[in-house]
Amino acid sequence: MTALEAGMLSQTLLLVVAIAAALATPLSWRSRVSGTFCTLLAAAGIVTGAIALAGGTGSLSIPTALPMDPLALSPDRLGGLVMVVVSVVGVLASLFGIGSARVASASRTAWLSMAVFLFGMQLVPAATDVVSFLLFWEIMTLGSTALLLAHHATRGTVASALVWYSAMSQLSFFFVLAGFAMLAGLAGGTGFADLATIDPFTWQASVAFLLLLLGFGGKAELVPLHVWVPRVLPEAPGHVAAAMSGAMVNIGVYGALLVVVRLLPDGPAWWGVLIMALGGVSALYGILQASVASNLKVLLAYSTTENMGLVFLGLGASVLLRADNATAAADAALVAALLLMLSHAAFKSTLFLGAGAVARAAGEMNLDRLGGLGSRMPWTAAAFGAAAMGAAALPVTSGFVAEWMLLQALIHGSRVDGEVVSVAASVAMPLAVAVIALTAGLALLTFVKAYGIAFLARPRSQEAKQAREVPVIMRIPLAIGALLVIGLGVLPGPLAVAIGGAVGPEFTPDVRTIGLAGIDARGIDAVLDPITFVVLAGLLLVPVLIVLFLSARRHPTRTSPLPWAGGGSRLRPRMQYTATSYAEPLVRVFDDVLRPSRDVEVTHAGESRYLVERVHVEQSVSDVVETRLYRPVLNLMQRAGILARRAQNGSIHRYLSYSFVALLVVLIVVSL
Amino acid sequence: MTGAAAIIIALVQLVLFVFLAPVLIGVIRQVRARLEGRAGSGIWQPWRDVRKLLAKNPVRAAGSSWMLAAGPVTLLVSSLLLCALLPLVGTLPLPLIPSDLFVIVSVMLIGVVALALVGLDAGTAFGGMGSSRHMTVAALVEPTLLLAVYALSIPAGTSTLSLIVETRLANPAVIISPVSLLAMVALAIAIMAETSRLPVDNPSTHLELTMLHEAMVLEASGRDLAWLELGSWLKLAALLGLLSNLIVPWGIVTDFSVLGVIVGVGTVTVKVLLLGVVLSVGEVFLAKARLFRVPELLAGSFALGLLAVTASYLVA
């Protein structure tokens, strides 16, 4: 038995133990025991994935009673990479769950399905054939659905969110199933090795590609299949949301990678354009919605759509450039897409865990009622701040390195040796750069808002005033997550090299380490060494600090209970800007896209038209995709349902006549 | 050897711009004052302001966090990084950190974010208002800024700013090509917005309706205010230096020599101050645009940038 096989077996064993633990332990210490086993399960995933990433081999067969090939699990290097990413998030979420899961989220169902969910996610990238891929895909979906279901007793809104989630995940599953079925029919086998022999330039391959793109895009929360995200993630507790948004979306990305890297590499250029368009629209739409959201978890949920959009933008650019023979830039774009995925996993899980900590401490997710948490919860604030910097792609975080790589790949893509590669590329690349730039700008605003309104300034409600820092067991995963965000940003070189190895042998990016751990992308002639950068900034800081200390020694700071306050003397916390007012200029600028509904109600004092007693403002931004695309379909289905109800009035005579007609139809059809 | 030379040039740039930035602001204010028929306070006033502010006790609001102290320093360091990395006096790239366009923009954004957080931290309505408007403008400026420099990067085939400047020096025909002109106009508008100048922001008023930058620094005092002001001035000076080197690249040092550095220092000083005078004269004749007209201005500049990029692919 090889190390890889042992790793996969140990995951299965740990799943059984974790399920048993969830069922057998009493509530008072269930979170501690089950959380520990879930952590171990995810840790086993990290080890197994690392072995696969390092090139370990081994295969685990699952015999079935069905007349087909036995299911085989054998992750390649790319699968290993995704397994590591998913499992790291799993460890963070489980650790956090030990401290945070209480009452409903510590129920037997919750911990049991958490283990199943983690197990499913960790083994999807190990699948080597369609059937086992779909099997673990469904285990993952089932686990996450049950996990959400565990909270329905305490919160009324969970049920409706869950309906959306189930419907959308089954829609995704349907697309993936149909796509794979089409490919399997073409190839005459269900193994991924068989599927890889298909010629991507047939129309059947293109139809299968479209179906798979929709299916995997739905899991990766892309527009227009993202509608479940802003409903489901706010209902989930912090650690569940972190696992779903930090890890599960990566499985969607893995599916897309599987298609464009392993199964159907060298596809036609229009595939790339289509993926880029899907990604670009998702990125812009996601960040626009995130920037105007006032609920912290809704904000983070929409920002996931944005980040996944960027990942797909990179993937699409890679396909397009490869079709245009700009191989070096194509490979760089692929590495960038994977870097984006990794960095997103790190910062988004930290952000959701931070949101979970805030929810526990203040019992409030509405940014308009938070504030001043930085001084009350310094650990959470520091971790959330570092992760928010990653999400805003500021140096020197992982998000910055990833976006830098993507932009470099794009601007070097349109020309090879001074020749324009294709008209499509020379229009798509500038547009993509503009989309990324606008996305980055809006992400900056979004996360300045999220951090600034929640953690800075003064508390806007009593709950926020009484918030306390979370216990140590919850701070540990927050700290690890924040360190990952910074660490991957400061030492990106080895990571990029590992990614370069993982996408081989079809893709061979020329990425090396330079300096201490910087990236040297030879193919596109781009160099970035974050450590030198940090050192330079540190050197520049020295003289500033010297002047600062000299000045501070002679002129110490005074604290005034009544600052200048814009000239006013009755300054109350309610007079501060809130998240809603912070985004107000943006709502106006993007009025046509966001279509906010605003309701202003003015109560006058007495008879006067000029003396106002109170002003009540209500603003809500709805999801245009939901109201314009899904609502009509749902309404149509509902109308069809009402019509169908007329056919069933409970009368036995009518049912008998239906059977009779049906029988007649069958007989006529048979006799034809 | 080139590494050592590059470090010397970076040091020269730093010292020069820390000295030059307040003078530039002084010149801009003085020219404006004279054109408006006022005596003005002289070109050294900004320097005297900084000295005065450093010798005062900062007053911080009760309940504000460490951000009020750290934010200004962050802004200053980010502006200093700009001065060290941009090709101002010379084009020799520092080892391992070339003046990459995307890195430069991100460095600038660190300063933008620091300032916005300082505005929020004081917990007043003004600070939040300035911060919100500032970030909205910053979000809309970024695409323009990146596209404009992307367009400039195409003839050079690289996103490293010092190489772009070198290409323009070696081949001046590039400078007056239509693509380059379009990109320069887009870049100039983006830089005006980024540095809070007219018509996006009025740097010389404290009127609620017009404030962006000033609203955020209202609660800062003493050395906090000194860092914020110095940081903003440095950013303006560095970006004007970049703009002037893109329009008129002559005089910049490409091979290290003592005489060359002296010439480089002299020319960049003259270029920046001249551009400052032009800016100041232009601002006399401009009124501030309504806040919600600013996106239109930026959208126009974005269109120019996009036109420049696609044109350079399809026409050239």
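Any Cβ shown, glycine's included, is placed from N, Cα and C.
As written in TrEMBL, here are the features:
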type	residues	note
TRANSMEM	A:6-25	transmembrane segment
TRANSMEM	A:37-58	transmembrane segment
TRANSMEM	A:110-127	transmembrane segment
DOMAIN	A:127-421	domain 'NADH:quinone oxidoreductase/Mrp antiporter transmembrane'
TRANSMEM	A:133-150	transmembrane segment
TRANSMEM	A:162-187	transmembrane segment
TRANSMEM	A:207-229	transmembrane segment
TRANSMEM	A:241-263	transmembrane segment
TRANSMEM	A:269-288	transmembrane segment
TRANSMEM	A:333-358	transmembrane segment
TRANSMEM	A:478-503	transmembrane segment
TRANSMEM	A:531-550	transmembrane segment
TRANSMEM	A:655-671	transmembrane segment
Annotated stretches the transmembrane segment (A:333-358) and the transmembrane segment (A:241-263) touching (3 or more Cβ pairs under 8 Å): yes
Segment proximity, the transmembrane segment (A:241-263) to the transmembrane segment (A:6-25), 3 or more C-beta pairs under 8 Å: no
Beyond the flanks of the transmembrane segment (A:110-127) by at least 6 residues, Cβ under 8 Å: 8, 11-12, 15, 18-19, 21-23, 30-31, 34-35, 37-38, 41-42, 45, 48-49, 52, 60, 71, 73-75, 78-80, 82-83, 86-87, 90, 94, 97, 101, 104, 133, 135-147, 149-151, 192, 240, 243, 247-248, 251, 254
Beyond the flanks of the transmembrane segment (A:133-150) by 6 or more, those residues with Cβ under 8 Å of it: 71, 104-105, 107, 109-110, 112-121, 123-124, 126-127, 158, 161-162, 165-166, 169, 173, 176-177, 180, 232, 235-236, 240, 243-244, 248, 251
